[in-house]
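Colleague: Mind having a look at this structure? Questions to follow.
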Amino acid sequence: MAAREELYSKVTPRRDRLQRPGTVKHGSALDVLLSMGFPRARAQKALASTGGRSVQAACDWLFSHVGDPFLDDPLPREYVLYLRPTGPLAQKLSDFWQQSKQICGKNKAHNIFPHITLCQFFMCEDSKVDALGEALQTTVSRWKCKFSAPLPLELYTSSNFIGLFVKEDSAEVLKKFAADFAAEAASKTEVHVEPHKKQLHVTLAYHFQASHLPTLEKLAQNIDVKLGCDWVATIFSRDIRFANHETLQVIYPYSPQNDDELELVPGDFIFMSPMEQTSTSEGWIYGTSLTTGCSGLLPENYITKADECSTWIFHGSYSILNTVSSSSLAFGDGALERRQYEDQGLGETTPLTIICQPMQPLRVNSQPGPQKRCLFVCRHGERMDVVFGKYWLSQCFDAKGRYIRTNLNMPHSLPQRSGGFRDYEKDAPITVFGCMQARLVGEALLESNTVIDHVYCSPSLRCVQTAHNILKGLQQDNHLKIRVEPGLFEWTKWVAGSTLPAWIPPSELAAANLSVDTTYRPHIPVSKLAISESYDTYINRSFQVTKEIISECKSKGNNILIVAHASSLEACTCQLQGLSPQNSKDFVQMVRKIPYLGFCSCEELGETGIWQLTDPPILPLTHGPTGGFNWRETLLQE
């Protein structure tokens, strides 16, 4: 609040400004902001952070960043010079971007719009951004008639890269243009710009699965590089503090429940550093808002991954080929260029969309002859402690330990625990919606004619309940029994305190009408689990118990379902595929992206003992959250 008062205190009252002679009415955006009483450094930072779009945009930025602890930090932004295509070729590249993502999934090239890199990222002080634009304008005017039209491009493919390379003669001209810009920028702004020294190209795809190469190559061959195209030299900037962060976009609103939480507004972007996630709770991440500059904890299911360039700021551009006067494309006032880019759909952030590809259901028993064995691994459903908070027990248990349902998403009843209701603190059940999620998955398996022969699950109650409801959806709850396997429990390092949860024994689970096999002898009993085990121990335990489960079921049915934790989808399948486990930091980041009822399918390759991930026989399950609602607090007037 102090920061807010300080910002407002520096704005001269309106009546005083109107009476003061010499008030700037038609000056530059900076002059107008200064006349409004904003400090010069803040005004320059606001203009740089909004691309000099307008005084209004700069004012909005300043007021939204009142609580930004780095508002007065002199750290400059990072800038880059790209060539971007416009016209028919740009549309063709846009089509390739969309088709390749839809058919083969996202690869690294999708993080940034189609472009040719002319220089490395460089820093420029906020006060010198206008001069940087002048440097680009001067350079373009000198080189305007020296470029080939159309720019000659050649398709190149390798095992993990596809691109359009600029032919050597034209590439040399572009490199000299970039070097001239670097010299002009150094002269006008004293910044150091390093021209791109590698072969100039438009990246179409890289870091993709080898199996996708033929499809991507065929799509790339459909791009007619001789189509009409104007290329524009464009400057973008980004906040240097978040250069190595993951970019996320908010899809649902969230109002903070605690002081360390971040308010979420749909459409805002969040920067997340993997290094800052080591101490966060399951289901939460720590991030920084683009709109406010504030940092805090936020629920991970309220956001989705966004392209790296989604938060970049467009500063202006000039055509290097056509004869339009540069004055019509004024630097720092990029409305025309911005509209052109939005019309092309390049680099913009699209609204949340679910694209369902035609999927052939896995009909396991529809073909005669030997069948391939399949392993399905599924995460549990929505859990009570995540939805209702760490102290959820106080909301639904009275002083005598009696369960009282206080929300429609709470189950009608809970199993009795021999150790008392406090055992639920470390072993929470799933919600009503969690049960519904699980039944939906079971019904989808039934509709796809997928037969499940064996079901194993972690001893966590949320996993047992999820497995039971999947069987209900499959209409197999009276025929199949769940084998509770402690070896499938998640990484014990994530368990709070010095003891493991006091899980409900199989006999008591069965007494609570859950379809549990009370005769099953686990491969890894509870006594063999160690608290705070190492990452290697957890990965090896998961792999070992999965191998033993597969061996146990051989010749007794082809399909095994494991219901466990988000980490299980990776830990139980990685080494089955002959792959080495990833490091613990990457593992943790991957696990955060697996939602409730996340489902994967692994198929054995003949009798080789090697398995591979395949398309699941069911569609994915996506849903949005619903925040708490109290009609008295919201509707009742004082």
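In case you wondered, yes, glycine gets a Cβ from its N, Cα and C as well.
For reference, Swiss-Prot lists these features for the protein:
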{"type": "MOD_RES", "residues": "SER9", "note": "phosphoserine"}
{"type": "MOD_RES", "residues": "THR12", "note": "phosphothreonine"}
{"type": "DOMAIN", "residues": "23-65", "note": "domain 'UBA'"}
{"type": "DOMAIN", "residues": "243-308", "note": "domain 'SH3'"}
{"type": "REGION", "residues": "369-638", "note": "region 'Protein tyrosine phosphatase'"}
{"type": "ACT_SITE", "residues": "ARG379", "note": "active site"}
{"type": "ACT_SITE", "residues": "HIS565", "note": "active site"}
Colleague: Would you mind pulling the DSSP three-state label for ARG379 (active site)?
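Modeller: DSSP assigns ARG379 (active site) to strand.
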Colleague: Of all the active-site residues given, ARG379, HIS565, which residue's CB has the most CB neighbours within 10 A?
Modeller: HIS565
Colleague: Quick one: mean pLDDT on the region 'Protein tyrosine phosphatase' (369-638)?
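Modeller: Averaging the confidence scores along the region 'Protein tyrosine phosphatase' (369-638) gives 91.
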Colleague: Determine how many residues of the domain 'UBA' (23-65) DSSP places in helix, in strand and in coil.
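Modeller: With helix first, then strand, then coil, the domain 'UBA' (23-65) has 27 helix, 0 strand, 16 coil.
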Colleague: For ARG379 (active site) and HIS565 (active site), determine the Cα separation and express it in whole Å.
Modeller: 5
Colleague: For HIS565 (active site), which of the three DSSP-derived states applies: helix, strand, or coil?
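Modeller: In three-state terms, HIS565 (active site) counts as coil.
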